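The block underneath contains the structure these notes are about, expressed in structure tokens.
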Number of protein chains: 2
Amino acid sequence: METRTEISSLGEFGLIKRINSGIKTTLPDTIRGIGDDAAVIDTGEEYGLLSSDLLLEGVHFDLTFFPLKHLGYKAISVNVSDIAAMNGIPRQVTVNLALSNRFSLEAIDELYEGMKVACADFNVDLVGGDTSSSRSGLLISVSVFGKVNKDKITYRNTAKPNDLLCVTGDLGGAYLGLQLLEREKQVFLANPEMQPELEGKDYVIQRQLRPEARMDVVYELAEAGVLPTSMIDVSDGLASDLLHICAQSGVGAVVFEERIPIDEQTYLAASELNIGPITAAMNGGEDYELLFTVPQASYDLIKNNPKISFIGYITANKEEIVLHTKGDSRVPITAQGWS
Amino acid sequence: METRTEISSLGEFGLIKRINSGIKTTLPDTIRGIGDDAAVIDTGEEYGLLSSDLLLEGVHFDLTFFPLKHLGYKAISVNVSDIAAMNGIPRQVTVNLALSNRFSLEAIDELYEGMKVACADFNVDLVGGDTSSSRSGLLISVSVFGKVNKDKITYRNTAKPNDLLCVTGDLGGAYLGLQLLEREKQVFLANPEMQPELEGKDYVIQRQLRPEARMDVVYELAEAGVLPTSMIDVSDGLASDLLHICAQSGVGAVVFEERIPIDEQTYLAASELNIGPITAAMNGGEDYELLFTVPQASYDLIKNNPKISFIGYITANKEEIVLHTKGDSRVPITAQGWS
């Protein structure tokens, strides 16, 4: 009998860790392989950045409530976000698409319309890809190529003790937007005559359906003369992404609960759904904000930027990655993945 | 009522044409977008090449007879082939994987084992990707980054009248290998006690399961001092890929049936399966050989390379793309796609 080990016995992070542990890079122009938001390639004058993400119907999106135009936008935006996290400029994307004959030509046009809007917003070119039939719904695999000045690249593994921990925008909204959409779907399935109750919830819904990669902040940091010591995008939730920075940098961190930026609509949705807003921020994911560290000397240069919140600091104690709660206790930060 | 146009009304090539027609590139460093084997990016000293391909279970492969190790190899090899077709050197690949819990850890290890062998064979680094759960089987999306000297790049749209038309290796084998595997599967399903009859068919089976990108010929052409005037890889069949070169270059072509390289095992399989060997070569696809054109002056430099066959020539008459048969008649060459 052959041995059979279930994937579920490892979980998402265990599986990825196992796959990655067996992979080594050998080429001199491969500056960084697996383990950051994008791979880093020496192209001569600059570094090239390469990243790729998958969006699957039934896993990453539900077309019952996900407009195809937004989906197209999101597919590009989440890839651009990986380039932003390296402090890079996205340039070209390729799009692989597989679709069943359930989709009409008009539906495909909608999807591409959203991708084109994102390409225009982020100033990237759609340069290629593969289109195929699918036996089960829609599948989008986007790859992005970007570039960055060799002196300006930001990795995950270079945070330093005493650096300030910063995050852009606000957190938790995308997750709560998804929960609201899921709830309305269930209501609609139970009673198709019901109208969705999404009034006053436009912001959190938009956070889920149409996230915007924070290229604006990448440019603003450069203008302010601030180079982060480390950076990652918040795709899996603040907890998981902070743990990546800490583990790879060999440092600890303290996050102040009261400093975590959360929008008013996110608080309302959290209350309505009976979900802790901090839990949504820490473990919800899909916010596509930037989490980064800066030396304390940079504080004055960006303290007035309303898009940036200072949420804590980096410590030398890599065993201690904690949330400092409003009640002045310290709770270890842990991550969750799919199983 | 909203208009609904079925994808099937356009067919594969119509759909791709429609998608591509709406896409424009705007960046100065995007040298070539959609329409060739890879996108071309100006990275300064050299051109970067970016391409991406999708492999879906139930569409592109059948795991009943496709060993996962070979599948991993093929996923890398077909992407490397796109870089070869631009006369480039592949450097880095990213792999996006989605899989259902039907797959064990041991199965995933097999798949990666094949990818690693291919990476070693073609001297490329696996630098990233995304792993996700899937509701329906296995899905592999690979992207490849390569590079090429700016003076050595080969496009599809630069074939010139009187150029010689060349192809590497032999054609039709991959398609007939697939037909044999499909047949044995049916036999097995009808009677599980039957052993597969694949003796003496190892070559065509291997052509299907483990195609090798022709990087060897890319290097040999460079050593011989020959720069093709145009090049494409034979992924859809000689007919379709020749039509791409002709349409994009605005030229015609004459292909001599008797010059089309076909292996002895391909002839035997064709006879056994009652499929025309020329039909398999023209429309079968998945051979991943290189189809290219060279000036007549290059003939002496490569005429003794046993990997290269001279199968015809390019003409100025773009209306006439024909197969010159053994019986001295001339038949128009047409392409087929999925519907």
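Glycine residues also receive a Cβ, built from the backbone N, Cα and C atoms like all the rest.
The Mg(2+) 3 site recorded in TrEMBL comprises A:ASP37, A:ASP82 together with one of A:ASP216, A:ASP233, A:ASP236, namely A:ASP233. It is 4 Å from the Cα atom of A:SER235 (ATP binding site) to that of A:GLU286 (substrate binding site). When the binding-site residues A:HIS60, A:TYR112, A:ASP130, A:ARG156, A:ASP233, A:ASP236 are screened for a C-alpha within 10 angstroms of the C-alpha of A:ASP37 (Mg(2+) 4 binding site), the residues that qualify, in sequence order, are A:ARG156, A:ASP233. A:ASP53 (Mg(2+) 1 binding site) carries a strand DSSP state (E or B). Distances between the Cα of A:ASP130 (Mg(2+) 1 binding site) and those of the binding-site residues A:SER51, A:HIS60, A:ASP233, A:ASP236 are shortest for A:SER51.
Those binding-site residues from A:SER52, A:TYR112, A:GLY129, A:SER235, A:ASP236, A:GLU286 lying by chain B, with Cβ under 8 Å from one of its Cβ atoms, are A:SER52, A:TYR112, A:GLY129.
Other Cβ atoms within 10 Å of the Cβ of A:GLY129 (ATP binding site), summed over all protein chains shown, number 27.
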